[in-house]
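These come from TrEMBL:
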{"type": "BINDING", "residues": "Glu71, Asp134, Asp137", "note": "Mg(2+) binding site"}
Amino acid sequence: MTYEKELAAAKKAVSLAVRLSQEVQKSLLQSDVRKKSDKSPVTAADYGSQAVISHVLKRELHPEPLYLVAEENAEDLQKSGAKEFLESITKLVNSALASDDSYATSSLSMEDVRKAIDHGRSQGGANGRHWILDPVDGTRGFVNGEDYAVALALLVEGKVVLGVLACPKLENHKSASSDKVGCLFFATAGEGAYMQSLEGDSHPPEKVQVSNIENPEEATFVESSHKPIPIHSSIANKLGIRAPPLRIHSQVKYAALARGDAEIYLRFTLKGYRETIWNHAAGAIITTEAGGVVCDADGNPLDFSRGNHLEHKTGIVVSTKKLMPRLLKAIRESMKEEILLSETKLKMKL
């Protein structure tokens, strides 16, 4: 099955949301960064991007009902003292929509924007169609003027079939538009992965492929700019990797791997942390369609059909088909060593 209408709607929605996020990032002050109930940072761009995408998808895909699994909700925007913040978000949303001729006469009220944000409360699952959205993936990088992504995917009967990933800070060095910054990646199941300029210039989308490196010693890790995780160093040493990691925030790491900038992306989180599907859905299908492999540390494909969270075993592993067997072997060995080390430390304490 093709998803031409859905892909066109997703690309339009994400492109308009990026306009909003870029406008916010230009003038963002630390005082503009708020804290959600879970203490994670949030900005007007997170809420505004979600409202834009929700509104555009609902209109472009009408009369099909919209079920949206998204990171944000409008609870904090209904609290006392939040009216001014919601008003500024509404102005941003209307400005972004007005940049598209077909939405130029569409002006949303504050209540419209609040409802659009709250449309993202679907729980996903194995049945029906669900859009999966991270309106600003990598908010910590975003507030520092660094990498971030706007990530949108479509889940049909429990399978991710479409993904659009905007990377406003990623250079187009592999494209004919080599002097431009900002890439839009997209993929549909069975049809490959593509990259184009965010500015939508005259150059046609370019098909992307993962690296063809076969020797793991020549591989490059892609990691976030946060504190390195020790197991990554252990795995790199086992594979003989000497190159310094490529440090990028958010799902931009998936995009970098999909077009061959790096070969290995690992995500090992603290015990008890549950991965959300919006942090991986768009990046996963784009990397897979570019010839890569996305799985857990046991080599099992990620399952996006269990609701808002991934129910996988330890770690998420992203690499190429050629490198994956040796990579998984190194991961198993490093994990065993970590367990033995922990047991030894526990015995010493006793």
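Positions of Cβ are set from backbone N, Cα and C atoms, glycine also.
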Shell of the Mg(2+) site beyond Glu71, Asp134, Asp137, same chain only (C-beta within 8 angstroms of their C-beta centre): Asp46, Ala70, Leu133, Pro135, Val136, Ala149, Ala151, Ser250, Thr276, Trp278, Asn279
Per-residue Cβ crowding (10 Å cut-off), top of binding-site residues Glu71, Asp134, Asp137: Asp134
